[in-house]
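Undergrad: So Swiss-Prot has the following annotated:
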| type | residues | note |
| --- | --- | --- |
| REGION | 1-104 | region 'N-domain' |
| BINDING | D34, D86, E158, E160 | Mg(2+) 1 binding site |
| BINDING | R47, R70, E158, G231, D233 | DNA binding site |
| REGION | 122-253 | region 'I-domain' |
| BINDING | D179, D181, D233 | Mg(2+) 2 binding site |
| REGION | 336-344 | region 'Interaction with PCNA' |
| REGION | 351-388 | region 'Disordered' |
Amino acid sequence: MGILGLSKLIADLAPLAIRESEIKNFFGRKVAIDASMCLYQFLIAVRSEGAQLATVNGDPTSHLMGMFYRTIRLLDNGIKPVYVFDGKPPDLKAGELAKRAERREEAEKALKVATDAGDEAEIEKFNRRLVRVTKEHSNEAKELLKLMGVPYVDAPCEAEAQCAALVKAGKVYATATEDMDALTFGSCKLLRYLTYSEARKMPVKEFSYDKVLQGLELTSKEFIDLCILMGCDYCDSIKGIGPKRAIELIKTYRDIETILENIDTSKYIVPENWNYQRARELFVEPEVTDASTIDLKWTAPDEDGLVQFLCGDRQFNEERVRNGARKLLKSKQSQTQVRLDSFFKALPSSPNATAAAKRKAEEIKKSANNKKAKTSGGSGAARGRRPK
């Protein structure tokens, strides 16, 4: 789930923290990728006539097709990916996982109704909602990555937290995921849409953690409390408090404890036994493997091994697999090239550019404040409605 409404809040109040780029602009970068998020995307998106790709026995192969060709695309663009797989979820995530299970049950019932009615569009919609990444999917992806010569890391707990640890240790440049909580874990850079298909023509969105804090005018601890207030995977949020109200409260009171002492609890309903302190601990000190002990190596692909793994029962086209393997080898041989900016120290922004950017941010904030003033007579419930 990530953090509810965080990307929009940053876009509104800290626009300078976001930069859109083409994938080729990340040439020479090492990037830690949330593997489970990728596999889910591939199972959803890589389809033929609305259905997942599968073997004659019905075993899905969409995740392998997506992993193989999207990884080749990254390497073709000079990016060195390392995939990070989820470990055991923290106990505090049990509530969120239970909610997901309930939504799956609802989707299964809706799918049955759609199937009985013969509604193809609804059938496809609810089939997509029932997609989940299994341990078998992950194990197959790991085997594929080994054969491709691409490193992966098994996180002891949350993949986003392990990605953030790799970034903070300087092992990689950024975390690539669609979950915004990578920023809450302190990833210096977050990349969204990096593993999207080329056909979607989505520019990569790069979020800079330092600029997020600067634009929102928060410390790292205050930012974590903001994310908890907005809604995270580890605990419920206070009913009636949406993103804009959450940041107003954090800026006024600076932490959740002081907010709880000052808000009207008849208007804002605090969850019973609200475990926000434990959620905060999970963001501040997540369970991760020490990045200094992780050795990342990109090696030559095993062409024959790839053919054996992907062709045959999985029915991949052998010629295409061998062509893919040759592309992998070519990218491996060209990895000696480095980014030009690694030789130079970055110059500070010019005063004119900095001033113009600051004016833009102030205009956005002023516009948001004007809207708030016009709607201040509305009910707290309306202001606290969660974005979809």
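Quick reminder: no glycine exception, Cβ is built from N, Cα and C everywhere.
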Undergrad: Three states by DSSP: which one describes D86 (Mg(2+) 1 binding site)?
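TA: Assignment for D86 (Mg(2+) 1 binding site) reads coil.
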Undergrad: If you average the pLDDT over the region 'I-domain' (122-253), what number do you get?
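TA: A mean pLDDT of 95 is what the model gives the region 'I-domain' (122-253).
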Undergrad: Which of the binding-site residues D34, E160, D179, D181 has its Cα nearest to the Cα of G231 (DNA binding site)?
TA: D181
Undergrad: Long-range same-chain neighbours of E160 (Mg(2+) 1 binding site), Cβ under 8 Å, sequence gap at least 6?
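TA: Those within reach of E160 (Mg(2+) 1 binding site), by Cβ under 8 Å and sequence separation of 6 or more, are D34, T175, T177, D179, D181, A182, F185, S187.
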Undergrad: Between E158 (Mg(2+) 1 binding site) and D233 (DNA binding site), how many Å separate their Cα atoms?
TA: 11
Undergrad: D179 (Mg(2+) 2 binding site) has how many other Cβ neighbours within 10 Å of its own Cβ?
TA: 23
Undergrad: Where does D233 (DNA binding site) sit in DSSP terms: helix, strand, or coil?
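TA: D233 (DNA binding site) sits in coil per DSSP, no helix or strand.
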Undergrad: C-alpha of D86 (Mg(2+) 1 binding site) to C-alpha of D233 (DNA binding site): distance in Å?
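TA: Approximately 14 Å lies between the Cα of D86 (Mg(2+) 1 binding site) and that of D233 (DNA binding site).
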Undergrad: Can you list, in sequence order, the residues of the same chain other than D34, D86, E158, E160 whose CB lies within 8 Å of the CB centroid of the Mg(2+) 1 site?
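TA: Once D34, D86, E158, E160 are set aside, the remaining close residues are S36, M37, V84, A155, A159, A161, Q162, C163, T177, D179, A182.
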Undergrad: Per residue, counting other C-beta atoms within 10 angstroms of the C-beta, which of the binding-site residues D34, D86 reaches the highest number?
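TA: Buried the deepest by this measure is D34.
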Undergrad: Identify, in sequence order, the residues in the chain of R70 (DNA binding site) that are 6 or more apart from it along the sequence and have a CB within less than 8 Å of its CB; answer 'none' if there are none.
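TA: Long-range Cβ contacts: C38, F42, T195, S197.
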Undergrad: Tell me the residue counts in helix, strand and coil for the region 'N-domain' (1-104), as DSSP assigns them.
TA: 55 helix, 21 strand, 28 coil
Undergrad: Note down the number of other Cβ atoms within 10 Å of the Cβ of G231 (DNA binding site), including every protein chain shown.
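TA: Summing over all protein chains shown, G231 (DNA binding site) has 23 other Cβ atoms within 10 Å.
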